[in-house]
Amino acid sequence: MSHCKFEQPRHGSLGFLPRKRASRQRGKVKAFPKDDASKPVHLTAFLGYKAGMTHIVRDLDRPGSKMHKREILEAVTIIETPPMVVVGVVGYVETPRGLRSLTTVWAEHLSEEVKRRFYKNWFKSKKKAFTKYAKKYAESTQSINRELERIKKYCSVVRVLAHTQIRKTPLAQKKAHLMEIQVNGGSVADKVEWAREHFEKTVDIKSTFEQNEMIDVIGVTRGKGNEGTTARWGTKRLPRKTHRGLRKVACIGAWHPANVQWTVARAGNAGYMHRTQLNSKIYRIGAGDDAKNASTDFDATEKRITPMGGFVRYGVVENDFVMLNGATPGPVKRVLTLRKSLLTHTSRKALEPVSLKWIDTASKFGHGRFQTPAEAKQFLGTLKKDVA
């Protein structure tokens, strides 16, 4: 005989409160990997734009698994990563209250796409940003060198200011994304010199990450607007004959205390939350100028990573890209922060070398039949539109 349960686990986690929209669209890096002076100087993060998803076929190399040495099909995410431009360096001093910035040194010339980041309305502005700062370089570089020496003398953490080249992507936005990226490896002086040498120069994705590396993806999830308690918290639907709605919380608390507790599931905003996704594996780092960046040893067809017709609602990937295992936060066109992992990975899954056998490049708009335009033309023959 069935009976009522008087105790049950609560619905939804309280660890993600407040469930409100993120303050900014770019993912914030709240912790960087631990520095190791024995390694060469390198960046610990990179910015990219989510282009879309596809799927791949590969042989699983995992002894003991039932799928060992057998083909598996996996979903992958393509993130376009044009080279980033270094435009500044920031020095941080360790204090009893944590890290505090000592000074910031900017490059002499900044492109228009990064200057737009400092204006709400670029069209109506006077566009005077960094004009006085550029005069320091014109008059004398002594003050610039003095600030760099202060960073070498007093700082323990060095981070560079780098921005994306958003004009190279299919996005309509003209305002580049700017962020601080920690520089690890070598001494503090080596880091400052590395930053100074790379002022106004580009840094590509291959100098930061490598294939088969486990990384973290930081971004803002897809926004879903206002949702009720059932969709937002996963509460149970009430019985069919319930008065005034089923997808609600029947009891929102006791008479006293005479207010609704913060732990009670309520309707409100869902999605557009800042999230950090750990342990995404890099399956491939492709070059934008390679006509065979989607070919493999088993599939020698000359094809690019962009599917036929382009990625839906994104377009054509013409720059360097990163192929990550599984899904990532956010919709297409969302800027994502790729960060080196904070952990030392020892699991077989993390250390497994990945060798791709086939990458799907069929159209993602509907059920794609062909992998390349040449394959479609060979099958369909000469069409009427080709003759006219």
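For all residues, glycine too, the Cβ spot is worked out from N, Cα and C.
Predicted, not measured: the structure shown is a model, and the values here were computed from it.
Note on Swiss-Prot: of 1-34, 205-238, the range annotated with the feature region 'Disordered' is 1-34. Note on the region 'Disordered' (1-34): DSSP counts are 0 helix, 0 strand, 34 coil.
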